[in-house]
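A.B. asks: Below are the features I grabbed from TrEMBL:
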DOMAIN    374-493  domain 'STAS'
TRANSMEM  132-153  transmembrane segment
TRANSMEM  190-214  transmembrane segment
TRANSMEM  226-244  transmembrane segment
TRANSMEM  287-304  transmembrane segment
TRANSMEM  316-346  transmembrane segment
Amino acid sequence: MRLPKEATNLEVLSTQNQRAPQHVQYCLRLGRGFISRLSREPEYTRLREEVIDLEVSSTQSRQAPQHVQHYSRLGQGFISQLSREHEYMRLPEEVTNLLGKSTLLDQTARGTQPPTKRNGGHLPMRQRKPNLFWVSAISPMAVVAVGCLYAYLGHGEQHGIAIVGDLKKGLNPSSIHYLNFDSRYLPATIRAGVVTGIISMVEGIAIGRSFAIIKNEQTDGNKEMIAYGFMNIIGSLTSCYLTTGPFSKTAVNVNSGCKTPMANVVQGFCMMLTLLFLAPIFSYTPLVALAAIIMSAMLGLINYEEMYHLYKVDKFDFAICMAAFFGVSFGSMDIGLLLSVGLSLLRALLYVARPAACKLGRLPNTSLYRDTEQYPETMSLEGILVLQLGSPVYFANCSYIRERILRYINEEDAVTEYRTEHILLDLSGVASIDMSGIDTFIELIRVLKGKHIKLGIVNPRIEVLEKMTLAKFVDVLGKQAFYLSIEEAIQSCRFTMDTSTKEEALGSSKTEDVV
């Protein structure tokens, strides 16, 4: 075997690249451990012999237990994978290529993007030289400064250039005495508060999670919402603007290496000094400069690649995205938010009102039962129909579930020569059920009884079983109709079918004797 030599080469390769990025060294360690496990020839040989013996024993005895045959197939697949030399012989070459691309991988780990066709295959300066990130960060400030100087020195207000105008320096005084609970203003205030609150919460949490993913950290949504609420309550007492997690300031903090909230304290102190002493200087800022800053920021918020990705993956998500985009562009932020949230709720209701249900069949030579549409090789069971429900059963979907079950029975009777005598419902995916769902099952029992079909329940969850017991559904159906597994239920159904067949045969023979 050449595996020990390959492992040695990989060891030398990883030793020569001790200064490689941490994620590259991690990949090297994984590859070295993988090859070292493969290179243990005694264990490999012994495992192969045991699997071959197991294969021979299972082949010689066709009536071997199913779990023995199952493990034999698993062992054969495992050995066949290990015996493909081209699969693991390619690993050192892939690790070498990974080392050659360490610079690109390191940039990806820091959250930057690889070269794209839009920039000619070259990284932007802020990605090629991350230490110069402050150049792009202060560009809005430079635009404001240049605009102020131009408007001040050239008397822009006299030549038709609109400027901000007079700005009062100092901090806002307390505005508690402005609180007004007049019914004329409450509707507009509540509407604006709900919309802006949702927007600020969603924006802040989304920005926090995006940067937490880059830094491999975790965020606590409850703490985030408490912080936003506390800041907005305190800020509203002095007529402050809506507070949320800004993208630009967060990006600057992350690139600067800020680790604690002390960075926000320093920024707040600098902003306070600006309001106290430098506010009049910004009175000469041209409005066109502010518009340019806003437009450049808005263009950066439109992610065309993400929109195309949504279109390829999920058309409904793309429709929600377009509804929000056009609603904000041609209407208002309120309209865009209402359209997107409304479509999202509509999709959620459709998923809940039309839950997924599937017919299960047995995989050949196993005791596993899978969806017949996903696995066409599954075998149907004579006289037994196994259905699986995958969502909670309550008033919104119980009628649909009942109709779907009866439709499955009619379709099964139409395509098979034998009549359905037992129907088994796998409730392992049903997390909850309400009284409407239980009443639907009781009604289903009556309908199936008229068709001489028996109902069985397989593996219900403890919450569902408790509600069924309290609602007397267990007494109506019978404790013997509840099973732990599908295999146990099928064996019980087959025993019942064999017993009834023998009784019918015995009854017919007695009738012939009497005749």
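Residue 1 is the first one shown; counting continues down the chain.
Every residue gets a Cβ built from N, Cα and C, even glycine.
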A.B. asks: Do any residues of this chain, six or more beyond the ends of the transmembrane segment (316-346), have a C-beta under 8 angstroms from a C-beta of it, and if so which?
C.D. replies: 191, 195, 198-199, 307, 310
A.B. asks: For the domain 'STAS' (374-493), DSSP counts of helix, strand and coil?
C.D. replies: 59 helix, 22 strand, 39 coil
A.B. asks: Kindly state the mean pLDDT of the domain 'STAS' (374-493) in the predicted structure.
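C.D. replies: Taking every residue of the domain 'STAS' (374-493) together, the mean pLDDT is 92.
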